[in-house]
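The feature transmembrane segment is assigned by TrEMBL to A:12-34, A:41-63, A:83-108, A:115-136, A:192-212, A:239-260, A:280-304, A:345-363. The region 'Disordered' feature in TrEMBL is assigned to A:383-411. Taken from TrEMBL, the feature compositional bias 'Basic and acidic residues' covers A:400-411.
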Amino acid sequence: MLKTPHTSDRTLMIVFTILVLAGPLILAPVGAGYPDLMQRFVIYGIFAIGFNILFGLTGYLSFGHAAFLGVGSYSAIWMLKLLSVNIVPAIIFSVVVSGLFALLIGYISLRRSGIYFSILTLAFAQMSYNLAYSVLTPITNGETGLQLELDDPRILDGASESGQVASPSLFGFEMSDTAVVPFLGMDLQFNVGFYVSALILIGMFYLSLRIFRSPFGMMLRAIKSNQTRLNYTGFNSRPYALTAFVISGMYAGLAGALLVCMDPLAGAERMQWTASGEVVLMTIMGGAGTLIGPVLGAGIIKYFENIFSRINESVVEGWFSALPEGVTDVLVAVVSPFLGSGWHISLGLIFMLVVIFLPGGLVEGAGRLMNLVVRLWQSRKTGASQSDTGPADGVTPAEEVSHRSVNTRES
Amino acid sequence: MSNYYLNRRKFLQGSAVLGAGLVAPTIFTRAASAYTNEPGSGSVVLGFNVPQSGPYADEGADELRAYKLAVKHLNGEGDGGMLKTFSSQVLKGTGILGRKVEYVTGDTQTKSDAARASARAMIEKDGAIMITGGSSSGVAVAVQSLCQDAGVIFMAGLTHSNDTTGKDRKANGFRHFFNAYMSAAALAPVLSEHYGNDRKAYHLTADYTWGWTQEQSMMAATEELGWETVNTVRTPLSATDFSSYIAPVTNSGADVLILNHYGGNMVNSLTNAVQFGLREKMVNGKQFEIVVPLYSRLMARGAGDSVKGIFGSTNWHWSLQDEGSKAFVESFGKEYGQPPSQAAHTCYVQTLLYADAAERAGSFNPCAIVEALEGYEFDGLGNGKTLYRAEDHQCFKDVLVVRGKENPSSEFDLLEVVNVTSADKVTYEPDHPMFAGGSLGKCNPGA
């Protein structure tokens, strides 16, 4: 099945699959092991992977990807309302619609590059947001948002039990069904919706891996390195960029559809420019142009948004309650502005640190850490045979050199 | 398949895959319990989902104060507040059904998406058995349907749209607060008395479910008086500057401006309108007037001098002199050093009503609670005799018509009650056209 050219890709794919499927087990100890957040991790992971195909490969920075997320959401909920609560038609329809929408916007926006492209996409996204919010209210239900209703026509499976709105399902498996398994004092929540999204994420990750390694991916990288030169060599680069734009728009549409399938409500705020900015943050934080980075970035930002924002003052007081009262008050006063409603501050700080010290994102950080460990291990081996200075001394200078070289390159 | 051999290894592999396939569906069935988040014997968790950012953040903060106070009183701390004056005396300050009341809080950000995410976290992560709150009807409608699907009770906080208990009503959702229709019905006679029956009205409306139904209700009520509606303009909920919407009013020939705005929106739009000198204008030979159908003290404070003499309606006001209101104001004031707002009042009452219903039903099962609340009549919670109507889960009670005080004696004494419109004057049929199109469905216990 995995016919990747590199064995390292195969390892990456296998590790990624295992990590995603073991989500409930890994996330439960950090308080994120509940279906809603796990689904968000996975869905925004798909969104960020798609965004990375455009931004990471071609270097075109789109500031309007939330528009495709929103279009995907609205298409999906209309399919759930009109056709069937089965999520398959909803997903297919929304991917097609967002693909067409991306084709339209991409065709116009890609006539410009750099900041002009970013501003064009931003303008289109804000336009879509404002349309969804006001003019298109009959289709989008405006600010209130669109939901499933009891009297939806649902042509294919309309005759369901009365009195309850059916929840989205995949051939009988309801997305909201959860099995709770006690394990080492934690409640692991195995949720159908999470696993459906997780399988799609793995498939999409594989697809993005294949795109990265393909001649098409090479072409996109060529656009990033120097589009003018590419044009002079006789290639028409625009169709390639447009294809990448449409693919990433379809990824976003898929993510939007999954959001609706997991929680059947589509609201206009999903298309707002903050949502577009969020996916840019995710990608840069994790590492633009890397395979796993966007998923990592999506996870971190959603974790902050959902877990850090819920830590209120009384929880912080609980942490320090063992200390003397004066010390507790000081610590609470120092720490609490960064938690709860101040979660944006801590996220901003982390983002700054990442951009300044790890321009390649968290993936670069992980790589450096890995290098450090490998070198430590190797020097310990050689150090043991040579029996001289401590292993740490042998490593630090080399590490510092690499550090400095990065900094000078950046400055 | 000539080269196919079934050796031991392959057989084991095959049967493992088959076994996993057969087991998979049975994994995905819920753990057996009677209903979603059945609490243990020690404590019960309530979810307080209020806006802590966005245009309704002030209301949200006051709601949270009220919730915390209600939890204190339910657990037997503090002075007991309205537990003493409540006509149903089953709550003794020993928690609910012998369980200590705990709570989790969340930020709705006044956005449907964020509110639902927050509510789902409360239900799935913290095991909340009841969700309450919301200072926007859009959010309330979204969270109410989430609670219906998840099988927990939703006790709506401050939500004034007709749709919450109209076309979007749900069996698991209950609203104590009044609604747009009631506001309009209560205001109309007062407006007619003070401003006459020959007026031209211009509406500025917050562009979402509450604004739409508020505008519809006010139009219907004022047109019945003989007023003419000149124009209706929708404004985005996120707007902070309304001058571009106010300027056209002066040239429209209208002599009344109706601001279907709430919270931060209303503070800004009213301030803009007053800055434009609308209130000093004479149009059609009459003094130009501004009406704010839904009023609150927090908004009045935010708008400062601009509110003087402006009519509006409110669900409750701290200056009321019945036993319940006095007890609540006293205990809220002792705790926080300020009188409660109407948002705080409705949230406090909703928490008490839920606890009381669980106590009377002897169970936390959502269906038992629905049964206990439907058609329930109570008194002593600040609004006089009140009925929770079974057909749409809406409370029916007196509505206050208020006016901004000309000479406030303190920073809290900003509104004066002009008229108390009795409940029967604002009651409507459950299938009234403004509320039609919805159905409660069946109560959903989840699981």
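Glycine too: its Cβ is placed from the backbone N, Cα and C atoms.
The highest tally of CB pairs under 8 A with the transmembrane segment (A:192-212), across A:41-63, A:83-108, A:239-260, A:280-304, A:345-363, is held by A:41-63. Take the transmembrane segment (A:239-260) and the stretches A:12-34, A:83-108, A:280-304: counting Cβ pairs under 8 Å, A:83-108 has the most. Per-stretch counts of Cβ pairs under 8 Å to the transmembrane segment (A:41-63) identify A:280-304 as the leading one among A:12-34, A:83-108, A:115-136, A:280-304, A:345-363. Remote same-chain partners of the transmembrane segment (A:12-34), defined as residues 6 or more beyond its termini with a Cβ less than 8 Å from a stretch Cβ, comprise 2, 4, 41-42, 183, 186-191, 194-195, 198, 201-202, 205-206, 209, 291-292, 303, 306-307.
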